[in-house]
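K.L.:
Please find one structure pasted underneath; my questions will follow.
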Amino acid sequence: MNPNQKILCTSATALVIGTIAVLIGIVNLGLNIGLHLKPSCNCSRSQPEATNASQTIINNYYNETNITQISNTNIQVEERASREFNNLTKGLCTINSWHIYGKDNAVRIGEDSDVLVTREPYVSCDPDECRFYALSQGTTIRGKHSNGTIHDRSQYRDLISWPLSSPPTVYNSRVECIGWSSTSCHDGRARMSICISGPNNNASAVIWYNRRPVTEINTWARNILRTQESECVCQNGVCPVVFTDGSATGPAETRIYYFKEGKILKWEPLTGTAKHIEECSCYGEQAGVTCTCRDNWQGSNRPVIQIDPVAMTHTSQYICSPVLTDNPRPNDPTVGKCNDPYPGNNNNGVKGFSYLDGGNTWLGRTISIASRSGYEMLKVPNALTDDRSKPTQGQTIVLNTDWSGYSGSFMDYWAEGECYRACFYVELIRGRPKEDKVWWTSNSIVSMCSSTEFLGQWNWPDGAKIEYFL
């Protein structure tokens, strides 16, 4: 075959292949048009429930992806529109003991994985799920930028959330808002998240609702505007949030803001007998919200704010019981104080919580009176009102030989049942300042929920070995 014949043969073959490709394309186009215009489909294969576009692409051919995506978007919009504001209609369940709810082992896993440096963690639920929350430091435990993460406030912190009992990684964390102080809660329709950022003398809060910024609040005392560091609570769409601006070791200006869909309905200055308020841990029941806070100025006993979200009013006092629950603190006295701080905290403190329910009252505190180590739950009937109330029952959560930290309350208000199950978390701080062989400060989380059974207890430490990081 001479060269001209070879060229003719090759051209003819290419022409035939091209014609076949065009015909296949026409047939494929016709099939696609037919599938899109077909009024109904008795498909035997069920559509996946994924609402995320990337998940849908994995599970479907491209021409089906568009159909599924549009359908799921409609479902999401309809579900959000049909959801009602949550109403706090139930009381607390009887609490006889505490069972394990979640544990993320973040520091242990972070020894060889991309786990984010965090602090100030908490738990918050919505109608679909409960998630862990924390303030990230914008770096991983093993990253070089983890040097200096002992500091609370920087431009690199943000509020993140991630699946319950998983460690917070660069792959599974969702940024809720940017800042170094936060709170977040779901009203039944959508989530409100608040983040505070900026320099100490000029910080501001941005209020996000349904993942969009809605309102801003500027500093009023120019001294580290700050908020709860755990979840807020909503009643029929009204979500009270406690803010403080001012000295941590002297008088400060505390305000209670009432939000609805991220917008301010009202705010009022602190009233009642509490002298200093920081880092409130709140829960809701019977249409009211109760917040147990930190008096960093004078009190080893904890101040309490009781909020009526319907009337948008509040009052405050101290837990009357002589069972002191801040840290540091003196030994428990014989008689407590209801309207004044009990001295002995040396201008210091730690975030904490309680469930104040008459004879069903439980208080949480570190076991150590001098450092953030150990954690225990104590049943102290009528602790809010009885200045001689004593523990009648207890449960150790973390042994005193292991580090603890902040703690706070949360509840799943959408769980089935005739009452709300009380829950709490404990921050397990590792690294600096106590473990100064490493350059970072981070934490893991353990969380517990109440049981009507009398369950056994166990130690739930962080469990990471610092020498593995050296």
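Yeah, the Cβs are placed from backbone N, Cα and C, and that goes for glycine too.
Fair warning: this is a prediction, and the values are worked out from it, not measured in the lab.
The active site, proton donor/acceptor annotation in Swiss-Prot covers D152 and rests on sequence analysis. Annotation source Swiss-Prot lists active site, nucleophile at Y406. Marked as Ca(2+) binding site by Swiss-Prot on the basis of experimental evidence: D295, G299, D326, N348. Swiss-Prot lists C93-C419, C125-C130, C177-C195, C185-C232, C234-C239, C280-C293, C282-C291, C320-C338, C423-C449 with the feature disulfide bond, giving experimental evidence as the kind of evidence. For 92-470, the entry in Swiss-Prot reads region 'Head of neuraminidase', with the evidence type sequence analysis. Per Swiss-Prot, topological domain 'Intravirion' is recorded for 1-14, and the stated evidence type is sequence analysis. According to Swiss-Prot, the transmembrane segment annotation covers 15-35.
How about a rundown of where these features are and what they're close to?
P.N.:
Sequence-distant neighbours of D152 (active site, proton donor/acceptor) (same chain, 6+ residues apart, CB-CB distance under 8 A): R119, W180.
In the three-state DSSP assignment, the secondary structure recorded for Y406 (active site, nucleophile) is coil. Within its own chain, Y406 (active site, nucleophile) has R119, E120, P121, E229, E279, V350, K351, G352, V426, E427 as residues 6 or more apart in sequence whose C-beta sits under 8 angstroms from its own.
Secondary structure from DSSP puts N348 (Ca(2+) binding site) in coil.
Within 10 Å of the Cβ of C419 (disulfide bond) there are 14 other Cβ atoms, across all protein chains.
For the recorded site, C130 (disulfide bond), the DSSP three-state label reads strand.
Around the Cβ of C195 (disulfide bond), the same chain contributes D158, L159, E176, C177, I178, G179, S181, S182, A205, V206, W208, each under 8 angstroms and 6 or more positions distant in sequence.
Around C185 (disulfide bond), a 10 Å sphere centred on its CB holds 26 further CB atoms from the protein chains shown. DSSP assigns C185 (disulfide bond) to a strand segment in the three-state reduction.
Look at C239 (disulfide bond): DSSP puts it in a strand.
For the recorded site, C280 (disulfide bond), the DSSP three-state label reads strand. Note: C280 (disulfide bond) has non-local neighbours Q228, S230, V242, C291, T292, C293, R294, I305, i.e. same-chain residues 6+ apart with C-beta under 8 A of its own C-beta.
The DSSP secondary structure for C291 (disulfide bond) is strand.
Its Cβ placed at the centre, C338 (disulfide bond) has 16 other Cβ atoms within 10 Å.
The DSSP secondary structure for C423 (disulfide bond) is strand. Around the Cβ of C423 (disulfide bond), the same chain contributes Y101, V123, S409, F410, M411, D412, S447, M448, C449, S450, each under 8 angstroms and 6 or more positions distant in sequence.
Taking the topological domain 'Intravirion' (1-14) as a whole, pLDDT averages 55 in the prediction.
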K.L.:
Around C130 (disulfide bond), which residues of its chain at least 6 apart sit with Cβ under 8 Å of its Cβ?
P.N.:
G102, V123, S124, L164, F410, D412
K.L.:
Could you find out if DSSP has C177 (disulfide bond) as helix, strand or coil?
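P.N.:
The residue in question, C177 (disulfide bond), is strand (DSSP, three-state).
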K.L.:
With H, G and I counted as helix, E and B as strand and the rest as coil, say where DSSP puts C195 (disulfide bond).
P.N.:
strand
K.L.:
At the level of the C-alpha atoms, what whole-angstrom distance separates D295 (Ca(2+) binding site) and C320 (disulfide bond)?
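P.N.:
Cα-Cα, rounded: 14 Å.
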K.L.:
How long is the line from the C-alpha of C93 (disulfide bond) to the C-alpha of N348 (Ca(2+) binding site), rounded to the nearest angstrom?
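P.N.:
About 33 Å separate the Cα atoms of these two residues.
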